[in-house]
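Since the structure comes first, as structure tokens, the remarks are kept for the end.
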Amino acid sequence: MELAQSSPDETDSVIVDDAAFEGAAHPLFSRMPSSVSFNKLRKRLLRQVRQALDDFGMLKGSRRWLVGVSGGKDSYSLLALLMDLQWRGLLPVELVACNLDQGQPNFPKHVLPDYLRSIGVKHRIEYRDTYSIVKEKVPAGATYCSLCSRLRRGNLYRIGREEGCDALVLGHHREDILETFFMNFFHGGRLASMPAKLLNDEGDLTVLRPLAYAAEDDLAKFAAAMEFPIIPCDLCGSQDGLERNAMKAMLADIERRMPGRKDTMLRALGHVNASHLLDPKLFDFQSLSPEPKE
């Protein structure tokens, strides 16, 4: 799809209300249910993505995005929502979908190419056998996630540069952000999570997470209704006892006992009061000055 040229200021923010999500959707939504409940879900997710784009300035200076598509529910949903926003004129960037085939056993090599062709999105399928590297390097009994993620991210950065993209767009959602926060809190002794927007170490690509406000349950319902051809992860997904699963179970229990607390926790990550914490690098407790120490 050719995009109209626009000035940088024009792509920084687009004022949107619910009326913008009415009317004909992208053709890929022709398979979507016509139910009122699904329409509400679709509009809620579109609204949350647009809110994240605006809140974190994701459109600032952007022209071409590499969208990581793993074959899971989150990345499929992300791509569909971005394509719909683009179709409606609310996302003035070019999208390039990318799947990194990491050489996992029984990975169905035809599924993603066939699907991406069918929805008419520019895409690239890249093969890199990081599976063998992970199996060789990670000790028996240890989890693969960290090394697998680093190898995948490095390859996606490379592909993004080769494709002339200025951003790498990933499908992490609300629960991913909260789970990462509590993993750092309990095991790293620090307050940190996944940022919605991050400049990579080389300074040439921005990492974006437009699903930052989206609930995993909503994405699961959306993906099921859209009948995306889900590909399970036979590497990381086959491992039991991952620490992230413990955080997921803890958060699910909190939400069950106190509904709405996940949204409250997510809001808390955006309302940090440095003077009421214990980090002298963020607040000068010696002089009680709001300016951090040099």
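The backbone N, Cα and C atoms fix where each Cβ goes, and this holds for glycine too.
The feature [4Fe-4S] cluster binding site is assigned by Swiss-Prot to CYS145, CYS148, CYS236, with sequence analysis given as support. Under the three-state DSSP scheme, CYS148 ([4Fe-4S] cluster binding site) falls in the helix class.
Under the heading motif 'PP-loop motif', Swiss-Prot lists 70-75, citing sequence analysis as support. Looking just at the motif 'PP-loop motif' (70-75), the mean pLDDT is 96.
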Summary of DSSP states over the motif 'PP-loop motif' (70-75), given as helix, strand and coil counts: 3 helix, 0 strand, 3 coil
Candidate with the highest Cβ count within 10 Å, taken from the binding-site residues CYS145, CYS148: CYS148
